[in-house]
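So the structure is just underneath, and the comments pick up after that.
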């Protein structure tokens, strides 16, 4: 892609995100979401492969439908209350429509079908943008409207997302699809707590974005797209692959690593809100996604290919690891000990 064109699209992404997260009026928030959608489409379809074109088309149709629902929800609220302010969303029907629209934008179950397909058709760097930056504006809208939302509906969506995100990732061999189902599962954790403690949702999102960025950038460095190539990629950059192992375990939420922090705090908050049953169910369902993280980790650094066919081993690269990956990996693995300090900031 032409560097000038890429710069325009990335700048438009930043602009759209900034407009949405800083707006008070529904029309401005909708405008930001539309700019975001239009700016990411060329980045998805830049390879001109039929699968990439298909992914861009699916993304456009779902996001257009979700944006229309956001507009419909805000107009219904304005019709009944005379308020266009985002924080003044008080009409029950508007809240219901908005929850559906944001669930569609984020890829929460039952509006999740587009997300794995779109991620599979996108390059790794675009996949990273789709999984992190593109989720920020909808989550911000949920954060701003959280006092008005229906807790029972969000809890149901969250538990279904965690269940299906774990379940459907079990038999995947394509890493981008596995990461898409991982994203759906994590969004379930964010959705369940948004009504009770919105700041925890943002903390979970930030940590999820850091951990996912680590994994996507590492895979982009080693040029790995499926499990069979992941098994033979360890010769390329052994130390980087070892850190990928730890990053995957962190994303799974295992205790000594950063990923355990949001899960721990969310379970604690749910218990305080007398939702011990929901906390138990969502914790047990996260074991499903733990299985495919462990399988990824196993393929990354613990096993050799389990068959006798000859594999072309990759040449080891002497290229130094990117500083960004080094910083992100450190945060992904070692943030848990400073949890008290993070909590005082939050």
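From the backbone N, Cα and C atoms, a Cβ is placed for every residue, glycine too.
Annotations in TrEMBL come from automatic prediction, not curation.
The domain 'NADH:quinone oxidoreductase/Mrp antiporter transmembrane' feature in TrEMBL is assigned to 23-288.
Per TrEMBL, transmembrane segment is recorded for 56-76 (among others). Sequence-remote contacts of a segment are chain residues at least 6 beyond its ends whose Cβ falls under 8 Å from one of its Cβ atoms, and for the transmembrane segment (56-76) they are 26-27, 29-30, 33-34, 37, 40-41, 44-45, 84, 89, 91, 93-95, 97-98, 100-102, 104-105, 111, 114, 117-118, 121, 130, 141.
Long-range neighbours of the transmembrane segment (96-115) within the same chain, counting only residues 6 or more positions beyond its ends whose Cβ lies under 8 Å from a Cβ of the stretch, are 33, 58-59, 61-63, 65-67, 69-70, 72-74, 76, 89, 135, 138-139, 141-142, 145, 149-150, 153-154, 157-158, 160-161, 163-165, 180, 183-184, 187-188, 191. Positions annotated as transmembrane segment by TrEMBL: 96-115 (among others).
Annotation comment: TrEMBL describes 152-171 (among others) as transmembrane segment.
According to TrEMBL, the feature transmembrane segment maps to 178-196 (among others).
Residues or ranges marked as transmembrane segment by TrEMBL: 202-219 (among others).
The transmembrane segment feature in TrEMBL is assigned to 240-261 (among others).
Residues annotated as transmembrane segment in TrEMBL: 281-304 (among others). Long-range neighbours of the transmembrane segment (281-304) within the same chain, counting only residues 6 or more positions beyond its ends whose Cβ lies under 8 Å from a Cβ of the stretch, are 158-159, 162-163, 165-167, 169-170, 172, 175, 178, 181-182, 185, 188-189, 192, 227, 230-231, 234, 241-242, 244-245, 248-249, 251-254, 263, 267, 270.
Sequence annotations record features per position, and here TrEMBL assigns domain 'NADH dehydrogenase subunit 2 C-terminal' to 290-343.
What TrEMBL lists as transmembrane segment is 325-345 (among others).
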Outside the transmembrane segment (240-261), six or more residues from its ends: residues with CB under 8 Å to it: 182, 203, 207-208, 210-212, 214-215, 218-219, 221-222, 233-234, 286, 289-290, 293-294, 296-297, 300-302, 321, 325, 329, 331-336, 339, 342
